[in-house]
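**Student:** Would you mind keeping the following structure in view while I ask a few things?
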Amino acid sequence: MNKTHFNHISVLKQEAIDFLKIKPEGIYVDATLGQCGHTIEIANLLQQGFLYSFDQDVEACTNAKKILPPHLPIEIIHSNFSHLKTQLAQRNVFQLDGILFDLGLSSCQIDNPQRGFSYLHNTPLDMRMNVNQTITAQYILNNYSFAQLKNIFKVYGEVKNAALVASEIIKQRPLCTSYDLVAITDRFCNRQKGHSAKKIFQALRIEVNQELESLKQALEQSLDLLKPNAMIVVISFHSLEDRIVKHFFKKNSTFVLPKKMPITIMPQTPLSIITKKAFLPSEEEMQNNSRSISAKLRVAVKNG
């Protein structure tokens, strides 16, 4: 098969591909198509196999269809990865040889001011990965209660002054643009670890797109889909995602016996963890690609 290459720099790309242990005849899922970085690498290694690449962002799917050569064994599926089992079942696919999750924003989302993900441009507060959904960041800021806003900022952003920020947002309503929100974060949020709005925007984005709940659902579904010896590879970009992945792997790789139960042979667990500690980018990669600095890669294998 002729190889195809793109300039987009995917984080931990080679490491993720190596951990997947691609079989030329295997069936794989790239749960986060993005700008095709991992998708193209996986597809280049397939011969009789096939790859299903998911993305809930219609722009990402449209762009991929324009640039991916027709000869590659890929189907692009416009869907949130929380619908893995349903979407694959519609295609009579019930078992996978591996699945990759590259979580977080893609460059095309960050770099397009009109999408509303960035606090560096004065644009409408949108933040939807799926533009067909109705809930936007602007709706949340102008309609959620004080308690709801405080909880979002505290849990999803780990913001220390969550109550103060929530209270000021309610006072300043309506908020329409990113700079309306930045004016508040500049007053109440710590700038020591980057821009004052960073954690607030992260929290809103997670709420708008229900990112953590979708991840939990997708991980559970992947457990049912993976064949014995199939790999699950997850790249996360903040502690909330990583915590979910770490807990999921641990929960499914340990078996706790009830006290005094007379069992001498331990049952087999669904997963075995390959990366005992999260795999981190090299110093060279972090220097060449600043987006990789917060990345953590975790891998597990499905037991037979």
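Just so it is clear, glycine is given a Cβ too, placed from its N, Cα and C backbone atoms.
What Swiss-Prot lists as S-adenosyl-L-methionine binding site is CYS36, GLY37, HIS38, ASP55, PHE81, ASP102, GLN109, and the listing cites sequence analysis.
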**Student:** Consider each pair of residues in CYS36, GLY37, HIS38, ASP55, PHE81, ASP102, GLN109, all listed by the record as binding S-adenosyl-L-methionine, and report the largest Cα separation in Å as a whole number.
**Tutor:** 17
**Student:** Tell me whether PHE81 (S-adenosyl-L-methionine binding site) sits in a helix, a strand or coil according to DSSP.
**Tutor:** helix
**Student:** Tell me which of the binding-site residues ASP55, ASP102 sits in the most Cβ-dense spot, judged by other Cβ atoms within 10 Å.
**Tutor:** ASP55
**Student:** Measure from the Cβ of CYS36 (S-adenosyl-L-methionine binding site) and count the other Cβ atoms within 10 Å, all protein chains considered.
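**Tutor:** CYS36 (S-adenosyl-L-methionine binding site) is surrounded by 25 other Cβ atoms within 10 Å.
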**Student:** Including all protein chains shown, what's the count of other C-beta atoms within 10 A of the C-beta of GLY37 (S-adenosyl-L-methionine binding site)?
**Tutor:** 21
**Student:** Check the binding-site residues HIS38, PHE81 for other C-beta atoms within 10 angstroms of each C-beta and report the one with the most.
**Tutor:** HIS38
